[in-house]
Amino acid sequence: MTLTSPPAAGTAAPPPAAAPALPRWTGPAAFTAVLLLALVVVPAVAPPFQINLYARYLCYALAALGIALAWGKGGMLTLGQGVFFGIGGYAMAMHLKLTEAGPGGLPDFMVWSGVTEMPLLWAPFASPYVALPAVVLLPGLVAAVLGWSVFRQRVRGAYFAILNQALAAAFVILLIGQQGLTGGSNGLTDFPVLLGVDLNRPESQLGLYVAVVLAVAAVYLALRAFDRSRLGRLLVAVRDGEDRVRFLGYDPTVVKTLAYTLSAMVAGLAGALFVPVAGIISPALFGVVPSIELVIAVAIGGRYSLAGAVAGALLLNLARTSFSEQFADGWLYLQGALFIAVIVFAPRGIAGLAASGRELLSRLRTRRTAAPAAGAPAEGGTP
């Protein structure tokens, strides 16, 4: 038997084998698992009421994805995301009200308010070929005009956030003041039919739930692809150093406006899906407070992670439902405390904590693998 000679003096020993990589249970793998859980397990075990409730949560999670794009990837704190959620929701609600309009083609609340002629603003939404594209195009148009106007003036940071919040407040005041046109503070309710389908049937609600789940999955995958594209990397570069990007010859105004527009379109889609699921759209659902709650959800989940934003929105809404049943007046205080705790102790949210945990486990596994290799005698030597 031939023995291998020990390494010559001064010759470095080969490095120990690296520890096997830990599986990444965040990102695509986790999202796929959650998608299968949502599509297969939840409909099989949850009663219809809970399925409808989860569909509402997922609509908020969809809107949170838009905030993760604008705020997490682009550094634009959007405290008025509810505006675009509301525009998409009202566009869908107007179409649904017109499909079941009463005498004269007027929705019921207009008749009660004394309106005698169809408002010009409402007429185009009678057609699904206008209303359905409008749920994303109208929010996108508003965001594009607003974004281009403010970004070219280099408005950013707290000033941009305050401007968004003011937009949300103004939008709510406008809707409440137009009782005969928008339903006022009561909003629009009672949507029995969508594209010829009776929404009051349990099968229809299950179909809506599946549609919302698939919409969240599709938007997540699309935004993930955008994040990995050249334009997505440029958006992150603008977030980290807008002046440097401008110095390199790129126009940050175009990049930020595009991201802000995409974020608004995602919120509009979320609002449009929310309307047939919840059966109502009103200013109370997308004003200043709901917009801030969406930001809190994204902060808790992790604003730099798309999957974290979805998780944060779902967890926050589940907690609100559970906590409000026991302590109706204490939820806002708890929500504020959670937000402060996350900002102070976990700035990257749940997704950041998960990433730190993976890194810690990987280092521990590497040390355990390296320790026996470092203490083992050289081949052919004395044991």
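A Cβ is built for glycine as well, from the same backbone N, Cα and C atoms used for every other residue.
Pulled from TrEMBL:
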- 25-46: transmembrane segment (TRANSMEM)
- 53-72: transmembrane segment (TRANSMEM)
- 129-151: transmembrane segment (TRANSMEM)
- 158-177: transmembrane segment (TRANSMEM)
- 206-223: transmembrane segment (TRANSMEM)
- 266-288: transmembrane segment (TRANSMEM)
- 294-319: transmembrane segment (TRANSMEM)
- 331-355: transmembrane segment (TRANSMEM)
Region pair the transmembrane segment (266-288) / the transmembrane segment (331-355), three or more CB pairs under 8 Å: no
Sequence-remote partners of the transmembrane segment (129-151) [C-beta within less than 8 Å, at least six residues beyond its ends]: 83-84, 87-88, 91-92, 94-95, 160, 163, 167, 252-253, 256-257, 260-265, 267-269, 271-272
Residue numbers, six or more beyond the limits of the transmembrane segment (53-72), whose CB comes under 8 Å of its CB atoms: 38, 42, 46, 78, 81, 84-85, 205, 208-209, 212-213, 215-216, 219-220, 223, 226-227, 259-260, 262-267, 269-271, 273-274, 277-278, 294-295, 297-298, 301-306, 308-310, 312-314, 317-318, 321
Residue numbers, six or more beyond the limits of the transmembrane segment (331-355), whose CB comes under 8 Å of its CB atoms: 25-26, 293, 296, 298-305, 307-308, 311-312, 315-316, 319-320, 323-324
Intrachain neighbours beyond the transmembrane segment (294-319), with Cβ under 8 angstroms and 6 or more residues off its ends: 26-27, 30-31, 56-58, 60-61, 63-65, 67-69, 71-73, 77-79, 81-82, 216, 220, 223-224, 227, 334-335, 338-339, 342-343, 348-352
